[in-house]
C-alpha cells in the first residue's frame, strides 16, 4: 500500500483565485478613469469660481480680515488644487426662496457656497460637498443651578430662514412667554438681567456671541426641530471636480486646517445635544 | 411479502414500455453475489433501459427488482448507496481535474474528508491514473476517461457495479486492461457485476451470459452451457443468383436472412455440410463455415448477427447490396 | 441527524462544483467585467452631460442623484441577470454530457440536487453583481458595510430567483443553439423595461408620467418584476425609491419562491 499523497487543495483554487484577482484589479483600475471634464476645465481656466450671497455670517461676512468660514475653506481648497478663488457675489441668494430666481448658471460659477442646506430637495438639483457645520435652532442656558421650569424665552429669529412658525407655535403651546430680541446683544442682556430664563436663536448667531464661560448651548431637539447640515453645492454631473474638492476637504479635515478655521468663527465644538424637550424647558 | 435475504441481483417479471412499444418484456433474472454477468444484445435490444431501471433512474411499468437484498421500488435511496454505474456515454466533468471529479463524487455520496482522500488514492491506483490526478480531464484519452469513470463508480464501495458498454470505442490494449481491473474487483471484493456489451469475444470470460433481444431474455447460462444448448455450426453464404436463393430457401425452411443478402443455415450434423456443398458449392459467391461459438449461439437465437462486422465482411456486404 | 451530514456534504459538493467551474471560466468572468464597464463607463459617462445641471433650480429629472449613481444599481441587476439566466447553459451542459445521470444515480435526493445547483448559480451571480460594487467609487457612491451587506442579500435573493428561472428555461430548451437568443429575447428587454436607464419620475403623478411617456411603456415598466428589484437596490445603495420600498424585497422573495417551485416541479417530472 502506497502512502496517501497530500491533498494540494491550495493549488486547486489557485487558477480561479488568479482569475478573480485579475478581474477585480481591472475593475478597480477602471475607477481611476476621469468620468468627465469638469476638473479639467477649472484647471484650464486656473480659477475656481464660487457664487455666494452678499452676507451670511459666519459663513460669508464680506469683511476682508475675516471673510467667513465658507470663504476661508474655499480659499484653502483652491490653494491646494493650485487655483485662484474668484467670488461671484449674487445679492439674490438668500433674499428669494426659489433658487430658480437666483439665475445661477454653470457659466457663472462651479461652486455655490454660503448656506446651501444638505437636503433631498437640494440634492435634486445639485451635488453636495458637506462642509462639516450644521445649523438649526439652539438655546443658551445660563450657568448656575439646575434648570427650573422656563417662563420666558428671549428669541432672535436670525437670517437663516429656519422655521419660525414651528418655534413660536411650540413656545405658545408650552405656555412660554416670548421676548423678541432685535439684535444678538439683546439675547445676552436678557439672560444677564434675568428678563429671560433662556435665549433661543439660530446656531450661527449664537456662535458670534461673547458668552459666560459656564453658559451651556444646546440644540433644540429633533423632533420637532430639524437640524440642517450645510454644504457647498456643485453642478450635477461634475464628478471629477467634486471628487478633487472632496479629497482636498478630507485632507484639510485630517491635518486640522478645517478645525482651526471653525474655531476662529466659533463653529468648533458646537451646541450640545439636549436629551429631550423636558431637559431644556423643565 | 416473503422475506428476501439473497444478495446479488433478482429481477422478477420486469416489463417496461415507451410510447406503447414494449422495450422490456417480462424479464426474470437472478444473479448471485460476486458473479459477473454479460448482457449480450444488439443495439435497441433494451439493455440500456434495463440499466436505467436497475440504477433507479426510471420506474418500471411492472415487475420487481431486488438489489443486494433491498427492494428497489421501496428503498431507492438505500439502493443508490449500494450500486455503482458506468454509463455508455461519458459522464465526467471534463473541465475539472481527475481528483476533483472523484472528490465531487465522494461528497455526493456523503463520505467524510479522510475517507474521501483515502479512497481517491485507492481507486486512482487501481485504474493506474495516480500520476494524472491533478490534470484536467478534457485532455484525457477515451480510455483514460473510461478508467476514471470506473474509478468514480467504485469510490463509494458499491456492492453491485453496472457497466453499460464499458469497452466500446477503445483500443484492444485498453479493453484488456479494463477487463483485468474488473476481474480483480470480482475476485478480491466479491463485487457483483452486470455488464452490457456487444463484443462477443469479451463475454466468454464472464460467469454467466444473458442474451437479450427485442426486450426479451432469450437465454441465460454459463458460456459452456449456452454453447452446449444452443451452439450449432453455421454456414453463412451468399447465393450467386436469385434462382439459387429460392432453391436454398425451399431446401432449408429454417434458413435465416442475414445482412448484405447473405443467408445462414444451421448445421444439424457434419453430413449436412457435405450435402450442402455438393448441391450448392458451385452456385455460391461466398461461403463461410462457423464452428459452434457464442456468436453462432446468438445468431441461432436471434436470427441476427451481433454487431457491425469487421472491415473484411463489410466489403462483402457492400457487394451484396450492389447485386440486389 | 447523522443522515443529514452526508446530505449536507452532497449539497456542498454540487454547490462547490458550480463555483469551482465558474471561477475557472475566463469567458464568463470577462463578460462579468466588461458589461459593467461598458454600461457604467461608456453609457453612463456618455449620457452624463445630458443629465447635468446647467441652471440652479432647473433639471429635466428631479432625482437627488447624478446619472451615474442612478444607473449604478441597474448595472448590478444587469450583471446578475446575465449570469443567472445563462446558468441554463450549465444545466443543459450537464444534461447533454451525461453528467446529470452520474448525480442522479447518487443517493442525493432530487430536490437537493436542484437546490445545490441553484445555490451554486446564485452564488456566482451574486459574486458577479458584487464585482460591480468595486466601481462604486467611480460612480461617486460611498457605501457603509451594512449597505454592502444588505445589497448582497438582495442580490442573492434576486440571483436565486433568476437562476431558478434559468433552470426552467433549460428544461424547455433542447439545445445550445437557443442561447444567443436568450440575451436578446429575455435579458435585454427585461433590462430596458425596468426603469434602469431612464427614471419614471416619482414626483410626477400617474397622469403626468403618462403624458411624458406613452401609456404602454409605463405599463411595461410597471409589470416588469425587474423594475422592483432595481428599485430595491437603489433604495439600499443610493437611498432612492421610485415605488413603495416594501415592494422591492417582496417581489424578489416572490420570484425566488415561485421560480424555485416551478423548477422543482420540472425537475421532479424528469
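Each position is counted from 1, following the chain as shown.
Note that Cβ sites are derived from N, Cα and C of the backbone, with glycine treated the same way.
Any TrEMBL annotation is an automated prediction that lacks curation.
According to TrEMBL, the feature domain 'ABC transmembrane type-2' maps to C:27-270.
According to TrEMBL, the transmembrane segment annotation covers C:29-51 (among others).
Taken from TrEMBL, the feature transmembrane segment applies to C:71-93 (among others). Remote same-chain partners of the transmembrane segment (C:71-93), defined as residues 6 or more beyond its termini with a Cβ less than 8 Å from a stretch Cβ, comprise 18, 21, 28, 31-32, 35-36, 39-40, 43-44, 99, 117, 121-122, 124-126, 128-129, 131-133, 135-136, 139, 141, 151, 155, 158-159, 161-163, 165-167, 169-171, 173, 175-176, 179, 182-183, 186-187, 190-191, 194, 196-197, 226, 229-230, 233-234, 236-238.
What TrEMBL lists as transmembrane segment is C:114-136 (among others).
Per TrEMBL, transmembrane segment is recorded for C:148-171 (among others).
Annotated transmembrane segment per TrEMBL: C:178-198 (among others), in sequence order.
Annotation source TrEMBL lists transmembrane segment at C:247-267 (among others).
Ranked by Cβ pairs under 8 Å to the transmembrane segment (C:148-171), the stretches C:29-51, C:114-136, C:178-198, C:247-267 are led by C:247-267. Same-chain residues lying 6+ beyond the ends of the transmembrane segment (C:247-267) with a Cβ under 8 Å from its Cβ atoms: 110-111, 113-114, 118, 154, 157-158, 160-162, 164-165, 167-168, 171, 225, 228-229, 231-233, 235, 241. Residues 43, 71, 74, 77-78, 81-82, 85-86, 88-89, 169, 217, 220-221, 224, 226-227, 229-231, 242 of the same chain, all 6+ positions outside the transmembrane segment (C:178-198), place their C-beta atoms under 8 angstroms from a C-beta of that stretch.
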